[in-house]
């Protein structure tokens, strides 16, 4: 069995930065550290922080006044900052700088009177956060088919941004269609370069192997995009840890490729590789 790992796999810049900032904060405080939502979409990595005392909550109302609150890398709506100030919380803002840039663009164009269009999943925390910078008024498009069934007002001006982890091909297809539909629209390609690179690297590796293993959280958007890219080319197995590997199935393949989502720590990737090498 030959094992190859994609050139670009695992933690991206934004996640590395967020995890280090959060770890430094947890190390400094024995108690009273709260994360508003899971730090990243990887429950194994988050568990290590919770063992050190981090408390994950879903609502800011559940955080006591004067405590420390970590804003995760996905970012949050604008109103969260005001609520945190009212509660006198100390904010540790680990929002990815690329996501912060989207917040700035959306806020700026919304204040100029533009309608905001977001390409992404309305249920994803990053998109929820982005929408919160235009008073939750964004038009959110997840698929090309959805967009084709929408009606737009050509008397209005539009500004488009994208969830950082969407498929670049989806972005291009929607942009091309909207270019024909709308007279005045500003396009902002806000897909993270790490997302593009990771997907391209996974695609190249998938062409060289008999099957792919994609490691990442079940709720991780970028991991699911990697799965889609790979399964279009070869049999693909999506897992969170080595314990989910089906040994009997994998033994059928001679050349295995491995990639991992942006929220997957190196130690989980290494565990999978070691497990496969010992088969």
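Cβ atoms here come from the backbone N, Cα and C positions, even for glycine.
The DSSP secondary structure for residue 12 ([4Fe-4S] cluster binding site) is coil. Over all protein chains present, the Cβ of residue 12 ([4Fe-4S] cluster binding site) has 25 other Cβ atoms lying within 10 Å. What Swiss-Prot records for 12, 96, 192 is [4Fe-4S] cluster binding site.
Residues or ranges marked as isopentenyl diphosphate binding site in Swiss-Prot (evidence: sequence analysis): 41, 74, 124, 220, 221, 222, 263. When secondary structure is read from DSSP and collapsed to three states, residue 222 (isopentenyl diphosphate binding site) falls in the helix class. Less than 8 angstroms from the CB of residue 222 (isopentenyl diphosphate binding site) sit 165, 195, 198, 216, 261, 262, 263, each of them six or more residues away in the same chain.
Residues annotated as dimethylallyl diphosphate binding site in Swiss-Prot: 41, 74, 124, 220, 221, 222, 263. Non-local neighbourhood of residue 41 (isopentenyl diphosphate binding site): 216, 217, 219, 220, 221, 223, 261, 263, each in the same chain, at least six residues away, with C-beta under 8 Å from its C-beta. Under DSSP, residue 41 (isopentenyl diphosphate binding site) is assigned to coil, being neither helix nor strand in the three-state scheme.
Sequence annotations record features per position, and here Swiss-Prot assigns (2E)-4-hydroxy-3-methylbut-2-enyl diphosphate binding site to 41, 74, 124, 164, 220, 221, 222, 263.
Annotation comment: Swiss-Prot describes 126 as active site, proton donor. Other C-beta atoms found within 10 angstroms of the C-beta of residue 126 (active site, proton donor) number 23, with every protein chain shown included. Secondary structure from DSSP puts residue 126 (active site, proton donor) in a helix.
Sitting within 8 Å of the Cβ centre of 41, 74, 124, 220, 221, 222, 263, and not among those site residues for isopentenyl diphosphate, are the Cβ atoms of 40, 125, 126, 165, 217, 219, 223, 261, 262. Straight-line distance linking the Cα atoms of residue 192 ([4Fe-4S] cluster binding site) and residue 126 (active site, proton donor), rounded to a whole number, equals 13 Å. Taking the C-alpha positions, the distance from residue 164 ((2E)-4-hydroxy-3-methylbut-2-enyl diphosphate binding site) to residue 74 (isopentenyl diphosphate binding site) comes to 10 Å.
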